[in-house]
Amino acid sequence: MVSSSGSKVLFICFVITTMTCFVAMATDNNPLQDFCVADANSPVLVNGLVCKDPKVVTENDFFTSGLNVAGDTSSSKVGSAVTTVNVARIPGLNTLGISLVRIDFAPWGINAPHTHPRATEILTVIKGTLRVGFVTSNPENRHITKVLNEGDVFVFPQGLVHYQQNIGYGNAVAIAGLNSQNPGVITIANAVFGANPDISADILAKAFQLNKNTVQELQARF
């Protein structure tokens, strides 16, 4: 593993008659200019977003507001609300490999188990007390968990299933940074039981060791 200009580059080499190396990028690509403000109106499809002409870029392309406003947890079935600040909200984040979220929790609310396929997350508690955790990959599936108070910081490694729970009787707030302009999120229950079209109930029944009727009841909720 070699670090080059802020990106992690993995070199895999093997020998046949000569040495051959393959290079794989492990994070968002590094910018090749000062900035590449996203042009949301461009019809061109690329991995990321097309750059706006730098001559028409303004300060508002690097700005957003409202993160001081609490998310509405009352309409959430799990008692949390996530306010996302990514490239869709700040076009100037394009190619910079970073984004931010605010997470609001009702009392005993959760941010349900999920993964970010393209980012590591670092979270700090602003208000309240959270129980957080993540699960390592197969076959160990080790559950690493900790209770966080105000000012505490915790890291969730990229791609691992993780969660947060407010274990206090008042509201809680956390802020998290992610090392991708578009980290993606896969909520496990929604993805498995709310897939469109449905994953076969027979498959899920065997995977979760449930009867088929229970699986169908769960699918109906998502």
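Here the Cβ of each residue, glycine as well, is placed from N, Cα and C on the backbone.
A disulfide bond in TrEMBL ties Cys51 to one cysteine from Cys21, Cys36, and that cysteine is Cys36.
Checking each of the recorded positions Cys36, Cys51, Glu121 against His114 (Mn(2+) binding site) by C-alpha distance, the shortest gap belongs to Glu121.
Between the binding-site residues His114, His116, His162, the minimum number of other C-beta atoms within 10 Å of a residue's C-beta occurs at His114.
Around Asn111 (oxalate binding site), a 10 Å sphere centred on its CB holds 27 further CB atoms from the protein chains shown.
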